[in-house]
Every structure is written in structure tokens, then in C-alpha cells.
Amino acid sequence: MMPQSLPDTTTPKRRFRWPTGMPQLVALLLVLLVDSLVAPHFWQVVLQDGRLFGSPIDILNRAAPVALLAIGMTLVIATGGIDLSVGAVMAIAGATTAAMTVAGFSLPIVLLSALGTGILAGLWNGILVAILKIQPFVATLILMVAGRGVAQLITAGQIVTFNSPDLSWFGSGSLLFLPTPVIIAVLTLILFWLLTRKTALGMFIEAVGINIRAAKNAGVNTRIIVMLTYVLSGLCAAIAGIIVAADIRGADANNAGLWLELDAILAVVIGGGSLMGGRFNLLLSVVGALIIQGMNTGILLSGFPPEMNQVVKAVVVLCVLIVQSQRFISLIKGVRSRDKT
């Protein structure tokens, strides 16, 4: 009788996978570590006049507008689109805020009007993309160019300044020992997370980004979903515009939100979002915004000219896009398979 061989009971080795968000958190810690090496007192935080001050707090404060833009941009990119107009929408909202404040309107009317401009801008983009089927890049590029002109028309081509302590609180005040913009960004993140993860909206957005035709066949109103993402992106841009205008107590239509649309896109990409659409993570997009602001702060603290920011961001975008490319992924998979053999 031939001896029977015992069955192989060894379990296959599991491949190690980073926990969700770990690469982004490690990158953020590395950026902050480099900043601390450049500035010896980087981690020093003091409490003064009921508010925390220090470089880490300043990073949180300065990252708030980009984080707000990134929250809205995340939803748009998740549908496979892009919104290049968020910087211009910031300028429009800021110009509306300053002009109406100078005209003597009450604070609630000013805020509602500024938020309304963002919603209308997002609705305009949504109609062009979802209804008229214009490519998102081209559709939002129209408002990106025209929006600056609209903001200049609102301010009559002038830098409008105002003196309203109540409005200024939204840009330079404090709440719970933290700058007001940080609190606003956190509350917006929580609200959008609840909206997308505790309702079916998030699933619909991801379905549209993964396969819009399949989502439509499944009964999803893809036009409404796409339009809604652009409306929410415009709303986030308007909130950021109010914060910036309140911080400087004025509106500069030429420079408000200039090139911040690129920072918002970069924040989403750093957060793991794919420009092809699909799954998204709002929290990691905010972490991406913190990484960008951390790099900006490090460059300024190290004494390099501010123009270096754009070069560094371009290199980061290139590296992230290469890592996300199908060719690079296939190459890595091929190397792993050869190592196993």
C-alpha cells in the first residue's frame, strides 16, 4: 500500500497592505519634521488672549481655505469631473461680501448672498457639464476666466475694504482656542461626511465616477448627481472666499483665490483620489491640504523665495500622477510577480 501524503495545511502568506490613510499621515509627519528642523521653535504653541498661536496652528489656519476647496473638489473629481473655477468663485464671493458690507447690508444678508453666488456658480458649471455635456475641463475653464471679470465688475475694479468686526471674526477670530477658519473647515468636513456617508449620496457619486452608464442603468439620476457635486463645490468655494475676505477685511478681485484651484486638485490627488473618478475620502483630501500648507510653510521658513512653491507642487503632482498611472502600476505588479518566482 502506497503511503498517503498529508494535505498541505499551511495558510498562504498575506500581502502586507498599508492601513487606509497611513501613507498620507506619514507624509504629513515627514513634512512637519522637516519644518521643525528648519525652524527650531516650530512646535512651540502658546495661549494668548484666548487663542492658540504657533507654527502648527498657523498651518491649520492657512490650510483652511484650501481644505474647504478640496472638500468640494473631492466630490467633483469622484464623478470623473474637475472644477477649475473654484478660485474665481472665491473671488466672486469675496467681492460680494465686501461690496455688500460697504453698502450697509446686515451680516446675515451678506453671508447668504455670498453663499448664493457660490451655489449659482456651481449650478452654472453643473448645467454645462451634466445637461449640455461639455467637457468639465472646458466648462469650468469658462468660469475660471470670466469669474475674475465678474468679481471686478462687482468691485468696480477697485480693492474694496471694510471695517466690520462681526464679519472679520470669520477670518481672524477664534473659537475654542482655535482660529475661526479652522473650526469652519472642521464643521464643513463633518457636515459633508455625514451627507455622503450616512446617506446614499456618497454611493451614487462613486457609482457615477466608476461607470456612469451602469449607474444610469441602475436607476441613478446621474445628471442630478453631477450637478449637485458642482453646486457643493461652488458652496465650499464661497465659504473659502468669505473667510479670505474677512481675514484681510477687503476684496481683491485679481488675487483672491488665485491658483488655489491647483492646490485643491493637488490636495485631492495627494489624499488618494483618482482623477479618473470613483472612490473618495474627504478626510484624506483635507490631510492633503495640510501637507501642501506644510510644504509652503517649510519653504518660507527655510528662506527660499515663494516662487519655489509652484516648482515643488509641480514635482509633487508629477510624482503622484506617475504612481497612479496604469503603466507604473503594471510595472510594479510585474516586478512583484518576478520576485515571487
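Using N, Cα and C of the backbone, Cβ positions are placed for all residues, glycine too.
Per Swiss-Prot, the feature topological domain 'Cytoplasmic' maps to 1-25, 130-136, 196-223, 277-281, 324-341. Summarising the annotation, Swiss-Prot assigns transmembrane segment to 26-46, 66-86, 87-107, 109-129, 137-157, 175-195, 224-244, 256-276, 282-302, 303-323. What Swiss-Prot records for 47-65, 158-174, 245-255 is topological domain 'Periplasmic', and it gives a curator's inference as the kind of evidence.
Under 8 Å from some Cβ of the transmembrane segment (175-195) lie the Cβ atoms of residues 47, 50-52, 57, 60-61, 63-65, 67-68, 71, 75, 169, 201-202, 232, 236, 239, 243, 247, 282-283, 286, all in the same chain and six or more residues away from its ends. The helix, strand and coil residue counts that DSSP assigns across the topological domain 'Periplasmic' (158-174) are 8 helix, 3 strand, 6 coil. Listed as Cβ neighbours of the topological domain 'Cytoplasmic' (130-136) (distance under 8 Å, sequence separation of 6 or more from its ends, same chain) are residues 76, 80-83, 222-224, 226-227, 230.
Among 66-86, 109-129, 224-244, 282-302, 66-86 has the largest number of CB pairs under 8 A with the transmembrane segment (256-276). Break the topological domain 'Cytoplasmic' (277-281) down by DSSP state and the numbers are 0 helix, 0 strand, 5 coil. Outside the transmembrane segment (282-302), and at least 6 residues removed from its termini, the chain residues within Cβ reach (under 8 Å) are 20-21, 24-25, 27-28, 31-32, 34-35, 38-39, 42, 55, 58-60, 62-63, 66-67, 69-71, 73-74, 185, 189, 192-193, 196, 263-264, 266-273, 308-309, 312-313, 316. Residue counts of the topological domain 'Cytoplasmic' (196-223) by helix, strand and coil are 20 helix, 0 strand, 8 coil (DSSP-based).
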